[in-house]
Amino acid sequence: MGLEGDGKERNMKEMIEKCGGKERNMKEMIEKCGGYAIIDGGFATELERHGADLKDPLWSAKCLITSPHLVRRVHLDYLEAGANIIITASYQATIQGFEAKGLSREEGEGLLRRSVKLAVEARDIYYERCTKDQSYSKRPILVAASVGSYGAYLADGSEYRGDYGYAVTVETLKDFHRERVKILADSGADLIAFETIPNLLEAKAYAEVLEEECIEIPAWFSFSCKDESNVVSGDSILDCASIADSSTQIVAVGVNCTAPRFIHGLISSIKKVTSKPVLVYPNSGETYIAESSRWVKSSGVAEDDFVSYIGKWRDAGASIFGGCCRTTPNTIRGITQAIYQKPL
Ligand SMILES: C[S+](C)CC[C@H](N)C(=O)O
Ligand SMILES: N[C@@H](CCS)C(=O)O
Ligand SMILES: [Zn+2]
């Protein structure tokens, strides 16, 4: 008992030390990039702009099967636009979703690994360009393995509601996510991006999986929000960000796929409960109609307007910026210029 206890304590201590290192590494990476880092933009909607048909329960993950070359190309387009962090096409890639398509478990696992491989290949190609072409300057680039929510797998827009019903518990969600997280953590990615998290329950499930599986790469938590104070389920952003703050494996926390007009207030709230770097990658402000996989104008903002918010978000305390659905490499180019070249 004593020995087992000592061992566990040692493991926990080692993990906390390692995790402390991860937080330092993320902060160092941001420092190396000049105090700010740039994420890519909407990945799936950019695939669509190039003609991909995402009307499918797998959404963008379908392209891992049908058009891996296009996935690699879109990653490269975002690197050309200035991104320091590219997010893999695994948002809606789940073993359960692939099995529902008739693929074997092994094939599903292979596709998860492929999502990371394609992003790593894009980074290699980009670095090759940096070596050959004087007009490029090499900068830090991380590959973030996307984990979309259980609601994303449901393919009915649930990630914008966060209401899974009483039958879905933290254990259900842990069982759902565990294998995918382990595979992605071991695939060559630099970090895991838990994205478009719609409720507190799922944030708790992710934090527990990270700890129980001693996941060795760092992760970020990014929530989808319905206003300036709450994630889409109605849970408070303060509670959600606090879960992220208490996990030593989380190196950044923030908001994505949320209308630009809510971002400023959300940053201020998140800053109240954590000193971890805050990331924001809002969508265009349009509304997604899941039944027809279409986007409709609500209070959508033009790309120029989107980029004009960056200075305010930086002043509010965010340090990692990008775009989500319906933003494009142009948006990211605008953010890159706003951060590094033009006075804000
Ligand atoms: C972030 S939403 C636009 C992703 C797509 C959704 N899960 C669906 O399958 O319709
Ligand atoms: N990284 C995903 C997020 C969807 S909300 C994408 O851009 O497709
Ligand atoms: Zn999105």
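Glycine is no exception: its Cβ is also placed from the backbone N, Cα and C atoms.
The Zn(2+) binding site feature in TrEMBL is assigned to C257, C324, C325. Look at TrEMBL and you will find 25-339 tagged as domain 'Hcy-binding'.
Neighbouring residues of the recorded Zn(2+) site, listed in sequence order and excluding C257, C324, C325, comprise G42, T45, T196, S224, N256, T258, Y281, P282, N283, S284, G323, R326, T327 (Cβ within 8 Å of the Cβ centroid).
Packing around C324 (Zn(2+) binding site) is summarised by its Cβ count: 27 other Cβ atoms lie within 10 angstroms of its Cβ, all protein chains included. Using a 10 Å radius centred on the Cβ of C257 (Zn(2+) binding site) and all shown protein chains, the other Cβ atoms total 25.
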